[in-house]
Amino acid sequence: MTNYRVESSSGRAARKMRLALMGPAFIAAIGYIDPGNFATNIQAGASFGYQLLWVVVWANLMAMLIQILSAKLGIATGKNLAEQIRDHYPRPFVWFYWVQAEIIAMATDLAEFIGAAIGFKLILGVSLLQGAVLTGIATFLILMLQRRGQKPLEKVIGGLLLFVAAAYIVELIFSQPNLAQLGKGMVIPSLPTSEAVFLAAGVLGATIMPHVIYLHSSLTQHLHGGSRQQRYSATKWDVAIAMTIAGFVNLAMMATAAAAFHFSGHTGVADLDEAYLTLQPLLSHAAATVFGLSLVAAGLSSTVVGTLAGQVVMQGFIRFHIPLWVRRTVTMLPSFIVILMGLDPTRILVMSQVLLSFGIALALVPLLIFTSDSKLMGDLVNSKRVKQTGWVIVVLVVALNIWLLVGTALGL
């Protein structure tokens with residue numbers, strides 16, 4: 001009886017610690033459902049129905065492993081990826097890494113900020129510029145939570161992630177997808193045309209986000225409580241739950257687009273405004289409103305995460321710190337310039353995703369090198385199987401993103 005009580009007490013303590021350590025992966029997972037994912041998944045679903053759902057499944061599994069490695073680096077070393085690169089590589093190399101990471105963080109923020117502004121425009125009927133002003137105000141308010149520590153921000157970001165997931169449960173109910181075809185699309189790989197290959201590369205490029213790789217290692221580097229192995233075990237649960245939710249949202253986005261657009265003959269739906277306007281007569285005004293709200297929630301939360309990632313990148317690479325509100329102000333400027341110049345926001349959004357693809361391998365390669373170093377990682381070093389899987393992901397991501405870049409350059 002005494003042994004049972006001890007085991008029960010230790011079990012409760014383990015669960016309590018696991019819950020206390022949950023949160024960082026929910027911040028990271030927001031990067032996987034930003035407006036870039038909305039645009040890519042909608043286009044893929046409208047064009048090819050359920051045939052590219054398997055790409056979302058595999059991209060999400062890859063992303064899970066990458067985020068676990070990033071989180072593990074922070075737990076094992078007490079330093080984030082940017083700091084490790086700074087400590088192990090020559091200064092010119094570090095400065096190059098910092099510049100490209102900042103450019104990629106700003107490109108990411110551009111897509112996320114404009115995505116949220118489009119969401120406000122759609123649901124409130126305001127101009128894109130007014131939507132951008134509302135986005136700026138909202139992100140400043142959310143970032144103010146950082147003054148109270150990481151936990152309040154984790155709760156808000158996690159809440160927004162769950163809201164987007166709930167919104168897409170509603171969208172699935174409205175669109176009523178064919179479950180048998182949906183399941184087949186998730187399991188059986190299919191690339192029927194060269195455009196499908198191009199869109200598959202786009203889905204992968206929009207899913208694995210370099211700025212989140214840097215950020216996640218910083219979110220776990222100061223975790224306390226329990227042993228390193230216990231913190232790592234709790235983090236794996238954190239990543240599994242958060243990334244499963246993000247994966248569901250991406251699947252639901254594509255499945256909704258397939259059911260609502262592809263099978264009703266609207267295969268050319270390619271941008272967010274068009275998707276919103278097309279949803280109204282096909283499903284209902286309520287479905288279109290839910291879509292707009294989910295776009296706002298995803299855009300706001302992901303642009304906040306992008307700001308935090310930019311801060312980590314600057315602090316880690318060059319040991320320089322600026323207040324978050326200053327960084328937020330500076331990174332908003334390109335979005336306002338794009339809007340004031342009257343450029344096509346969806347095209348800018350897609351171009352930013354292409355730019356992002358340059359940074360994926362640059363973040364992945366050092367992450368794999370560091371997490372495979374037994375002197376650095378100790379008992380948390382990568383196993384042989386994880387190393388091999390990691391390098392396969394690197395090769396695949398680089399190959400598909402080269403395809404994406406070449407296809408974009410040639411106008412394929």
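Cβ from N, Cα, C; glycine included.
Copied over from Swiss-Prot, here are the features:
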TOPO_DOM  1-19  topological domain 'Cytoplasmic'
TOPO_DOM  40-51  topological domain 'Periplasmic'
TOPO_DOM  72-95  topological domain 'Cytoplasmic'
TOPO_DOM  119-125  topological domain 'Periplasmic'
TOPO_DOM  146-155  topological domain 'Cytoplasmic'
TOPO_DOM  176-196  topological domain 'Periplasmic'
TOPO_DOM  221-238  topological domain 'Cytoplasmic'
TOPO_DOM  259-276  topological domain 'Periplasmic'
TOPO_DOM  298-327  topological domain 'Cytoplasmic'
TOPO_DOM  345-350  topological domain 'Periplasmic'
TOPO_DOM  371-387  topological domain 'Cytoplasmic'
TOPO_DOM  407-412  topological domain 'Periplasmic'
TRANSMEM  20-39  transmembrane segment
TRANSMEM  52-71  transmembrane segment
TRANSMEM  96-118  transmembrane segment
TRANSMEM  126-145  transmembrane segment
TRANSMEM  156-175  transmembrane segment
TRANSMEM  197-220  transmembrane segment
TRANSMEM  239-258  transmembrane segment
TRANSMEM  277-297  transmembrane segment
TRANSMEM  328-344  transmembrane segment
TRANSMEM  351-370  transmembrane segment
TRANSMEM  388-406  transmembrane segment
Taking the transmembrane segment (126-145) as the first stretch and the transmembrane segment (277-297) as the second, find out whether 3 or more Cβ pairs fall under 8 Å, excluding pairs closer than 6 in sequence.
no
Long-range Cβ contacts under 8 Å made by the topological domain 'Periplasmic' (259-276), restricted to residues 6 or more beyond its ends, are 35, 38-39, 42-43, 45-49, 115, 118-119, 122, 174-178, 282-283, 287-288, 291-292, 295, 346, 349
Taking every residue in the topological domain 'Cytoplasmic' (72-95), the average pLDDT works out to 91
Stretch in 20-39, 52-71, 156-175, 239-258, 388-406 most in contact with the transmembrane segment (96-118), if contact is a CB pair under 8 A:
20-39
Mind checking which residues of the chain, 6+ beyond the ends of the transmembrane segment (277-297), have their Cβ under 8 Å from one of its Cβ atoms?
35, 38, 115-116, 118-120, 122-123, 160, 163-164, 167-168, 170-171, 174-175, 260-261, 264, 266, 269
Out of 52-71, 156-175, 328-344, 351-370, 388-406, which stretch touches the transmembrane segment (20-39) the most, going by CB pairs under 8 Å?
156-175
Checking distant contacts: for the topological domain 'Periplasmic' (40-51), what same-chain residues at least six beyond its ends satisfy Cβ-Cβ under 8 A?
177-178, 181-182, 184-186, 190, 192, 195-196, 199-200, 202-203, 205-206, 250, 253-258, 261-263, 266-270, 272, 275, 350, 353
Region pair the transmembrane segment (388-406) / the transmembrane segment (328-344), three or more CB pairs under 8 Å:
no
For the transmembrane segment (52-71), which stretch among 156-175, 197-220, 328-344, 351-370 has the most Cβ pairs under 8 A?
197-220
Beyond a gap of at least 6 residues from its ends, the CB atoms lying under 8 Å from the topological domain 'Cytoplasmic' (146-155) belong to 23-24, 26-27, 219, 304, 308, 324
